[in-house]
Amino acid sequence: MLLLCALLLIGDLGWSLRERSVQELFKVHLLRFSQDATLLNVLIGAMPALIALSMGPVIGAWSDRTRSRYGRRIPFLLGTTIVSASGMLGMAFSSSLLALAVSWTVFEIATIVGNPLFIALINDTVPRPILGRFFGLFRIVSLATGASFFALFFRNEMMAAFQPLLAAITAVYLGCMLLVCWRVREPDYGRPPARASLAPLRPGDRRWGLLFGAVALGAVAVLPININALNACVQFGVDAGSFGAAVASTYVISILLAWPLGWLADRYHPLRVGMAVMMLYTVCMLAAWRLVDGRTGFLVALIVHGVLAGCFLTGTVSLLPALLPRERFSQLAAVSASLTALLVVVSTLALGALLDLNGRDYRLLYLAAGVTSCCAVVLWSSLLQRHLQSGVSSANRTRALP
């Protein structure tokens, strides 16, 4: 078990380095070609989500039914890893906006498809009683990786080292994930249901709609600032070094909170943790909308956003593994990701257009985050009430609220 956890955490190191660094490097590189807010939101959110919208559920169902000598997750994880690395190298050597956009799209498609597969591999191999604490460790590695990247490399002169830096990140990511694919052994799953199909949904799956909607709105609520914060630096007089230091600070704070949040998720259920954090996030973002008007306020709001968004992700990362049936986890998680992607398409296109229409006043980001998170609180509250009322049945005992 210790070896398994160590291997998965090594994979997390490469996976997190990719997740924490590549998008920010892409944004910086994109600024050389365009500062258009709509283009940024299309490339970061709408276009890759739209392309991958129909791929995730089908590949998730295919993975759930696959039985091979290498397991049901590893073959797909290996494929998406190689495609992701190819997209990263393409971005590193792009010299035009078109080449950069194409490489980014290839990278994002593989990322959107591959992320649920990595979580599914963890769900298949890590025992449920320690799942929340393992994801706490998972987040600690992820946050430490992000803090190191922003503290060491996110500087004003970063563009001079863009190409070798992204190539090195690609090599580390590829090495870590190939080690996982080589050494991790999946359990024996038995034969898949004889008449199961690759259709992403089945009769009775409507009951997951509220869960998927709550997860989607929670994810979308943090996107306005995640996507546009770097571009907002110009309005508030913040340079790249100060921005990197602020983001690194959020990761350090989040590291200290990751293990306690994992314990809280195991003890009180991720639904309770997620709703409490989202309520606090709503209050803080609406306050930031009214109060932020300069460099210091922007940096403080950025840190508050980063810490609370991190708390939400850490506290709820085990939610789908805790509630969804293990035999169909990848398939249903991909459906959830597709709903999230659909909302991302709508929200990012709308936000980009609004920013361009209002002269790129980036205080709008806080209002968008606050309103979306308020809607998310309503869904999370409804979901929590439904599970409290449902009680604990023998067939659902391991997934019900304690």
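Please read every residue number as a count from 1 along the shown chain.
Each Cβ is built from the backbone N, Cα and C atoms, and glycine gets one as well.
Marked as transmembrane segment by TrEMBL: 38-62 (among others).
Per TrEMBL, transmembrane segment is recorded for 74-93 (among others). Here the transmembrane segment (74-93) has long-range neighbours at 18, 22, 25-26, 29, 59, 62-63, 66, 68, 99-100, 102-111, 113-114, 117-118, 121, 162-163, 166-167, 169-170, 173-174, 177-178, 180-181, 184, 186, meaning same-chain residues at least 6 beyond its ends whose C-beta is under 8 angstroms from one of its own.
Here TrEMBL flags 99-122 (among others) as transmembrane segment.
Taken from TrEMBL, the feature transmembrane segment covers 134-154 (among others).
Annotated transmembrane segment per TrEMBL: 160-182 (among others), in sequence order. If one looks beyond the transmembrane segment (160-182) by at least 6 residues along the same chain, the residues whose Cβ comes under 8 Å of a Cβ in the stretch are 7-8, 10-11, 13-15, 17-18, 21-22, 25, 28-29, 70, 74, 77-78, 81-82, 84-85, 88-89, 91-93, 121, 153.
Long-range contacts of the transmembrane segment (208-230) within the same chain: residues 24, 27-28, 37, 40-41, 44-45, 243, 274, 278, 281, 302, 305, 309, 312, 316, 319-320, 323-324, 332, 335-336, 339-340, 342-344, 347-348, 351, 355, 362, 364-366, 368-369, 372-373, 375-376, 379-380, 382-383, 386, each at least 6 residues beyond the stretch ends and with a Cβ under 8 Å from a Cβ of the stretch. Positions annotated as transmembrane segment by TrEMBL: 208-230 (among others).
Within the chain carrying the transmembrane segment (242-261), a Cβ under 8 angstroms from the stretch's Cβ atoms is held by residues 133, 136-137, 139-140, 143-144, 146-148, 150-151, 153-155, 229-230, 233, 273, 295, 299, 302-303, 305-307, 310-311, 314-315, all 6 or more beyond its ends. Residues annotated as transmembrane segment in TrEMBL: 242-261 (among others).
According to TrEMBL, the feature transmembrane segment maps to 273-292 (among others).
With a threshold of 8 Å between CB atoms, the same-chain residues lying at least 6 positions outside the transmembrane segment (298-320) that come near it are 119, 131-132, 135-136, 138-139, 143, 211, 215, 218, 222, 225-226, 229, 232-233, 236, 238, 242-243, 246-247, 249-251, 253-254, 257-258, 261-262, 264-266, 270-271, 273-274, 277-278, 280-281, 284-285, 288, 292, 329, 332-333, 336, 366, 369. As annotated by TrEMBL, transmembrane segment applies to 298-320 (among others).
Taken from TrEMBL, the feature transmembrane segment applies to 332-352 (among others).
Residues or ranges marked as transmembrane segment in TrEMBL: 364-384 (among others).
With Cβ pairs under 8 Å as the measure, the transmembrane segment (273-292) is packed most heavily against 364-384, out of 38-62, 99-122, 134-154, 332-352, 364-384. By the Cβ criterion (distance under 8 Å, sequence gap of 6 or more), the transmembrane segment (38-62) is not counted as touching the transmembrane segment (134-154), fewer than 3 such pairs being found.
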